[in-house]
């Protein structure tokens, strides 16, 4: 009992001394609370920063897609065919070719989400080779995929969503005959093919299923 009295007396004396000298310290619980608050604030700042970056990239992607689409149609449509692109390297070369021709800037040819050039594939229209083209944007998260498709989908008559960081010619199908089925959330979700169930944002199933699968995703936006 005497020992407890001595301990309490020492604690009281120390607290009084700390108050007088201004050296009052923080308890472990107080430290934990402060660190917890700092962690929550930091997480919030990171989240807001990421949203700001995504929003900026989304705006840039829409601008770049529009610029490249205009450049492709103005440069090649009157020629009757688009340059053949057998693989991803050729698709990148086609994008770089537009830069070399002065049709777009190097920055306009880039995928803002990856910092690399967007791939531009030529693909069939009604079984005729190289009559259509698709601009691909890869390396997308599911959220980025959904936002990009819903943001710029009206600019293009053909949209194909693919799981994976890259696309290939074989993934695209045919501009005129590949039937869209937006209810699947992947593959061709918008097309001019008869019988297509094109993406409709007023259809809840289409919205829920959009960009179904595992990230990363690649979206191909096509025209002819």
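Every residue, even glycine, has its Cβ placed from backbone N, Cα and C.
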Transmembrane segment according to Swiss-Prot, located in which of 5-25, 26-46: 26-46
For residue 211 (disulfide bond): intrachain residues, at least 6 apart, with Cβ closer than 8 Å: 140, 142, 145, 146, 149, 161, 185, 186, 217
